[in-house]
Amino acid sequence: MKISQLLVTAVVGKPAEEGIAPRFSVSRTTEQCGGSFIGETVVDIRSPGFPGNYADNLNCVWVVQHDCANSFTITPRSFKIEHEAYCDYDSLTIKSVGAPGSDEFCGDKDFVYNSDSSSCSGSSSSWCSSGYSSELDESFNALIEPITKLGNELNIVFKTDNGVNKPGFDIQITANLDNSCSADSSADNSAGSSADSSADSSANNSADDSPDDSADDTVQTASCFDLSAVLDTWRRR
């Protein structure tokens, strides 16, 4: 199993003077079997082992969530999953949490359907009726074009049986954000409220000290300590 690539960017201000809390923007590309992506605007998900064939008996679940998203766009860059008319063997299911129904995909998005009799060579006669046949067209249930799912949270499930193995999928998920919503502002306000509460508590417990100076020192020290601890952790990895 390959470890996901992780990029961390720190945006640091002067907490005591400007009221700006440290923020972190995280983007990831993963080939792991399942995981969570919270607050990320672009997520790349690949089937385990891609571009090699996926394994048998997988049951991978990914969660993509963004508080400010009103929808997500799912773009397939590669999609080759075992084909079956009802996707009963291997499948990729995409569901918007809170919305009815889900979309289930399988097959090969690059497959070119040919209705000529030569396409039926070696197949059972029931598959070789004249005209269009979803049993023969491996692109019939495939994720071919970008799709959009409404909501701010997606569940993505990849299941395989113990039969045919194929390269799987490489998809990109983009969160479409509501312009009236700001996740950064919410995070800053939350961090500021937490720091203010800590400062007030410190001031009340130190009646002999100057309340204003003590509050400012408490905010700055707490913010700097948190940032240093996070950066030290990543340097050691």
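Note: Cβ is positioned from N, Cα and C throughout, glycine not excepted.
Pulled from TrEMBL, these are the features on record:
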COMPBIAS  186-208  compositional bias 'Low complexity'
DISULFID  C33-C60  disulfide bond
DOMAIN    33-176  domain 'CUB'
REGION    186-220  region 'Disordered'
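The average per-residue pLDDT of the prediction over the domain 'CUB' (33-176) is 88, rounded to a whole number. Look at the domain 'CUB' (33-176): DSSP puts its residues at 7 helix, 60 strand, 77 coil.
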